[in-house]
Structure formats: C-alpha cells, structure tokens
Amino acid sequence: MGRAILTRTSSGYRAIKQAALPDPSPNPPQRSPMAPPQLSGLTPCLLCSIGIVTLGPLLFGYHLGELNAPQKVITCKTDEIPGYVALGLPQCLPMNAFEWGMIQAMFTVGGFFGAIFSGTLATSFGRLFAMKWAAFFLASGPIAEALAGKMWLLALGRALSGVGAGAATVVCPLYISEVSPQNQRGFFGAFTQVQINFGIVVAQLLGYFFSTSGKWRWILASGSYIAGLMFFGLTITPETPKWLAANNRPRMARGVLQRLRGKNADIREEMEAWDMSGEAEEESLLGPPQGPRPQKHANMSIIDVIRIPKYRRAVIAVTGTMMAQQLCGINSVVMYSVAILGKIMPKQAGLITVIVSAANVLITLLASPLPDRIGRKTCLLISISGMGSASAMLFAGLGQDIAWLTVVAITLFVASFGVGLGPVPFILTSELVGAEAVGAVSSWALASSWLSTFLVSMFFPILNNVLGNKVWWIFAGVACFWAAFVGVFVPESKGKASAEEVWRRVRHA
C-alpha cells in the first residue's frame, strides 16, 4: 500500500512521493459494526476536555426532563393543601394545562436565541469563550427557577437555562469534532447525545425521589451546581487547535494539538489538512505580526451561508436532520412520559420512566461506534424507521390499554432515537461545511431544532387531549417524510477528510 511522505517546505507540509510499502495485513478480518472502536492516542488532555465540554449537553438533557415527574406537585394537582416552605416561597404554583405548556416551551424559546447567536460568537471569539457564556446562563437559570414564587419567574428561569443549553448544543459538537482524531469523530461525537440522555436520567431520578411539595425546588436548583463545575473546568480546557489555526495562531495551535494527541504523536498530516502554512508558523515564532493580518478564510455570517450557493445544500441537509431529530417526537416522550404512562399504569409510571431513560443511555453508548462503521446516513434511516414503527405501536398500545406493548413501544422509540437521530445530526454539522461557515450553519440548524422542540413541547399536550392515541399516527407520518428527506438530501460523510470531499463525491455520483 502506497504511503505519502510529508516534508516541511516554505509553504507548509506537503506530500512529495509515494513509497510502496508492503501491506502487512492484505486481508484484515471484518469487524462487527457494534464492536468498540480501536481507540488509540487517547490522552488525559483529550478525555478531560471532552468530559468538561459535554457537561453542557448534560444540562440540556437535565432541563428537558426536570419538569416531567414533579408536574402534579408544582401545579398544585395533588391532594395536599397549598402552603409555604422555606424562604416564604409557595408550596406550589397553580397552573392549567396551557400555562404548564408555556412553562415547558419557554426553555425552547431561550434555546432558540442561544443557538442563533452562539455560532457567530464561537466563530469570532472561540469555542471556549462561547461555552463560558453558556455556563453562565446555565448557572443563573436554575437559581431563578428554584426561587420562583410566581409563574413568570419560573418562566424566566427556564428561558435563561434555555439560552445556555441552546449555546451548548451548538458549540459542544463543534469542539468535539475539532479536537477528536478524524477516525474517531463519530465515536466521540456520539458523546453529545450520551450526555443529553444521561442528563435526562439524572433529572428523572431526582424527580422520582424529590417530587414532593417540600423538595421539588431542589430538582430545579441542582442544575446550577453542575453549571458551576462546568465553568471552572473550562478555565483549564484548551481552545480547539483548528480554530486557533484558522485565526492565524499556528504556533499555539500546534502546541495544543500536540497536547491533545500526545507528546510523541505525529501531527504533521493533521496540520496539513488545516492548511497551516510554514510562513505563518515561522512568523509566529519570530514575534507578533506587524499590523493586522486577514484570516485565511473569511468567517461566514448566518446570512452569508444562505446567500452563497456553495453552502446552501449543507444548510438544507443539516437543518433538515436537526428538525427531524425533534419533529419525529422524541420530546413528547422525554417531557410527558409520566403523563402518557400514567393513563394505564399510574403507580409505576415514574419508575418505568427512569428505567427507560437509563436504558436509552446504555443503548446510545453501545451504538456510538455505528456511525463510523455503517455510515451516518444509514444510521439516520434505521433510526427514523424505528421511531415511525414505535409510533404505530404506541397508537395500538394506548388505544387498547395494553401496558406491556406501550412500554415496549416507548423503549423502541428512545432506542431508535439513540442509534441515529440522537447523535448523527451533531456529527454532520461539522462535516458538511468548512471551518469558516460551521458556526453560522450550526446556528441555523440548532435554531430550527429549538423551534421544532417548541412546537412539540407546546402543542403535544393539546393534540394529545384532542386526538388521544391518534396523535401517534401524526408522528408515524412525519417519520415517513423525514426518511424520504434523508434519502434525497443528506450525503454520506463517513470517511471523508473535508466538506469539499463530501460534496465532490455527491456531484460525481
């Protein structure tokens, strides 16, 4: 097998010849798609950085699920006589179904604005800068929620938490993609969804134990502790070398990349892929440049990526998959599973919700190698098909009061989501566009995702009351539509080194 030899030139690193080297394994054994990836070059710096940054998605999942279990307690729907608890705060906040839907939806309103503006912030000032602001909102929102004596303050806290969560879901996948080795991006990219699911489990677990009139505020306050840990962790986390290189800091980028890959790792090919020129590195070694120097690639704004045809197809593909992620109905289960199951098994609904959420984390973790094994597009199609089938099963189970079928359907629903629609849209965002446009495209994609989340969280309880179990036929039909969309508009990015290669292959297909 031929291998490129890289040499240092005045214009950077480039391949100068092909060396014919014998392939020691001409017929390598086929590995199972579900087998763990062959992870090499893992360093404490890489693992610690990803662990800290993914606390943002964990809090996103936490806030999605925090109001599920304590709904009746918060809205004064229990048999207890309303009174007051510590600090003179009311024991509960009387709300009807519409007002409760608005409280749920305020999280998505904040998330919409956080997603829209964080991409530009991350592109202009760095991924870490944007994540620190996200951590600030994620810490302040839960405090307002926990101290809410009126419905408007609870809504404000949800909105502030949403701003932070929206920013985190934009910037965290970018960070992971830019610090992960190319052949492991799918695996590490799935950690965004794993942490979202884990956050949901933590919220459901706390809800199971603390959904009482005197303790439900602790559920809402707990997010601030995690956000504080995230903020201080970010102070020791490095900026991504790809962003540093794109912003004319090649010396710093090289140092960070060496820390991430290991002291003795060969990073020349990765630097070459980023087009880090020799002149730029030499200039940074000699001292600061005289006068401002333009970036290699002008950063694209959210208007530019719509206006310029080069990026339009990527915006359609990424935005579509993000909308599919929400409109196929995952948050109807995450936010309202206790209410759904409570109709046919009121005593076990809370515990079953915790078990299903925990199983979802395990399934997502086990399925994390799949995008790198069978491809991103295949995972999406399997996922959407499974969710559509589960929706049909929920129609039958709830319509006939078949408890076991309903539980199986909900489990299949969340498991199918974890295989593809959960992790893959976050991976695609940074693979279908270049570094100069990824922030803007991410903002469009996540804003569309948050708008879709708002529609589901706001209108699902209304449609569920009007249509009953027939609402699940709507989700089954939506799944059919998005399966067709993925088949037509979403390219396969597995194994492609750059966005240019992805779309070049599409044009030649």
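Backbone N, Cα and C atoms are what each Cβ position is placed from, and that goes for glycine too.
The domain 'Major facilitator superfamily (MFS) profile' annotation in TrEMBL covers 49-494.
Beyond its flanks by at least six residues, the transmembrane segment (39-60) meets 111, 131, 134-135, 138, 161, 164-165, 167-169, 171-172, 175-176, 179-181, 184, 187-188, 191-196, 198-199, 202, 223, 226-227, 229-230, 233-234, 237-238, 259-262, 265 of its own chain at Cβ-Cβ distances under 8 Å. Annotation source TrEMBL lists transmembrane segment at 39-60 (among others).
Annotation comment: TrEMBL describes 100-121 (among others) as transmembrane segment. Long-range contacts of the transmembrane segment (100-121) within its own chain (CB-CB distance under 8 A, at least 6 residues past either end) are made by residues 60, 63-64, 67, 71, 75, 129-130, 133-134, 137, 141, 151, 154-156, 158-171, 301-302, 335, 438-443, 446-447, 449-451, 453-454, 457-459, 461-462.
Marked as transmembrane segment by TrEMBL: 133-153 (among others). Listed by sequence, the residues of this chain that lie at least six past the ends of the transmembrane segment (133-153) yet keep a Cβ under 8 A from its Cβ atoms are 56, 59, 63, 87-90, 93, 95, 99, 103, 110, 114, 118, 121, 159-165, 167-168, 171, 217-218, 220-224, 226-228, 230-231, 234.
The feature transmembrane segment is assigned by TrEMBL to 159-176 (among others).
Annotation comment: TrEMBL describes 188-210 (among others) as transmembrane segment.
Annotation comment: TrEMBL describes 216-236 (among others) as transmembrane segment. Here the transmembrane segment (216-236) has Cβ contacts under 8 Å with residues 52-53, 55-56, 58-59, 62-63, 66, 69-70, 73-74, 85, 89, 128, 131-132, 135-136, 138-143, 145-147, 157, 161, 164, 202-203, 206-207, 210 of the same chain, all six or more residues outside its ends.
Residues annotated as transmembrane segment in TrEMBL: 314-342 (among others).
The transmembrane segment annotation in TrEMBL covers 348-367 (among others).
Among the features that TrEMBL reports, transmembrane segment is placed at 379-396 (among others).
The transmembrane segment feature in TrEMBL is assigned to 402-428 (among others). Distant neighbours of the transmembrane segment (402-428): 169, 172-173, 177, 185-186, 189-190, 192-194, 196-197, 317-318, 321-322, 324-325, 328-330, 333, 337, 340-341, 344-345, 352, 356-357, 359-360, 363-364, 367-368, 370-371, 376, 379-387, 389-391, 393-394, 396, 445, 449, 490, 493; these residues of the same chain sit at least 6 beyond its ends, with a Cβ under 8 Å from one of its Cβ atoms.
Taken from TrEMBL, the feature transmembrane segment applies to 440-460 (among others).
Positions annotated as transmembrane segment by TrEMBL: 472-490 (among others).
With a threshold of 8 Å between CB atoms, the same-chain residues lying at least 6 positions outside the transmembrane segment (472-490) that come near it are 313, 316-317, 320-321, 323-324, 327-329, 332, 376-377, 380-381, 384-385, 387-389, 391-392, 394-395, 398, 428, 463.
With a cut-off of 8 Å between Cβ atoms, the residues of this chain six or more beyond the transmembrane segment (379-396) that come close are 321, 324, 328-330, 367, 370-371, 402, 405-406, 408-410, 412-413, 415-424, 469-470, 472-473, 475-476, 479-480, 482-483, 486-487, 490. The transmembrane segment (159-176) shares the most Cβ pairs under 8 Å with 440-460, out of the stretches 188-210, 314-342, 440-460. Averaged over the domain 'Major facilitator superfamily (MFS) profile' (49-494), the predicted model reaches a pLDDT of 85.
Listed by sequence, the residues of this chain that lie at least six past the ends of the transmembrane segment (314-342) yet keep a Cβ under 8 A from its Cβ atoms are 64-65, 67-69, 71, 104, 200, 305-306, 348-350, 352-353, 356, 380, 384, 387-388, 391, 398, 406-407, 410, 413-414, 417, 421-422, 424-425, 428-429, 432-433, 437, 441-442, 444-446, 448-449, 452-453, 455-457, 460-461, 464, 472, 475, 478-479, 482, 485-486, 489-491, 499, 503.
Taking Cβ pairs closer than 8 Å, the transmembrane segment (188-210) reaches residues 50, 54-55, 57-66, 68-70, 169, 172-173, 176-177, 180, 216, 218-219, 222, 334, 350-351, 353-354, 357-358, 360-361, 364-365, 367-368, 371, 418, 422-423, 426-427 in its own chain, all 6 or more past its ends.
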